[in-house]
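Enquirer: Right, I'll just put the structure down here and ask away after.
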Amino acid sequence: MARSGDPQGDGGEPVLPRASSSTRLRSRPDPFLVVCRCFSVITSLTAILCIAVNVLSAVRSFKNGADVFDGIFRCYAVVIAFFVVLAETEWGFIIKFWKVLEYWAGRGMLQIFVAVMTRAFPDYTVRQQDLVLLQNIASYMLLACGVVYVFSGILCIGFLKRSRQQKEITREQAVQDLEELERRREELEQLLLAERV
């Protein structure tokens, strides 16, 4: 019989402590990163709204044939707004080739540029008031997101976000490594028990 201080079982062999599933590490998401992700989703949706508005404007411009310049301008706005959406995904391929989009001030300036392009050349005829309203909503929303990005970039919030993301990735990797070690430990314990029998 094992005494309270003796780590040996009945057979004189050491008793290994069991890994309990209740000791697993739970990593809570960083609230700052959650806010950044939500803002990124809002910015992406706003840029997608700008794309839709500019496509509608381009189609109407080319359909009428009266203002081809406006249609071409809207096509450029669609392409640049697409880059805004890609920048918000923080896809490594995009960031690698356009380093300026890694910095929040650069992203903000691009968003402000797309907002101004969306707002430019509005057609104030009575039958296109719905399109003008959509242009105003999309452009001012993206303009607001761009201003927030520029000021956040000046305050180095993007640097803070990247460092917290790196810490979160490191923490998640440590949790995965710990779970792998626990799994291997359980396998080894099973093998040890099988050899005893």
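Any Cβ shown, glycine's included, is placed from N, Cα and C.
According to TrEMBL, the protein has these features:
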{"type": "REGION", "residues": "1-25", "note": "region 'Disordered'"}
{"type": "TRANSMEM", "residues": "32-59", "note": "transmembrane segment"}
{"type": "TRANSMEM", "residues": "71-88", "note": "transmembrane segment"}
{"type": "TRANSMEM", "residues": "100-117", "note": "transmembrane segment"}
{"type": "TRANSMEM", "residues": "137-160", "note": "transmembrane segment"}
{"type": "COILED", "residues": "164-191", "note": "coiled coil"}
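Could you give the neighbours, burial and distances for every feature on this list?
Expert: A Cβ distance under 8 Å defines the sequence-distant neighbours of the transmembrane segment (32-59), meaning residues of its chain 6+ beyond its ends; these are 70-71, 74-75, 77-78, 81-82, 84-85, 88-90, 111, 114-115, 117-118, 123, 131, 134-135, 137-139, 141-142, 145, 148-149, 160-161, 164-165, 168.
Remote same-chain residues near the transmembrane segment (71-88) are listed as 40-41, 43-44, 47-48, 50-51, 54-55, 57-58, 61-62, 94-95, 98, 101, 107, 110-111, 113-114, 117-118, 120-121, 142 (criterion: CB distance under 8 Å, separation of at least six residues from the stretch ends).
Sequence-distant contacts of the transmembrane segment (100-117) (same chain, at least 6 residues past either end, Cβ-Cβ under 8 Å): 43, 47, 50, 54, 73, 76-77, 80-81, 83-84, 87-88, 94, 138-140, 142-143, 145-154, 157-158.
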Enquirer: So what's the mean pLDDT when you look at the coiled coil (164-191)?
Expert: 85
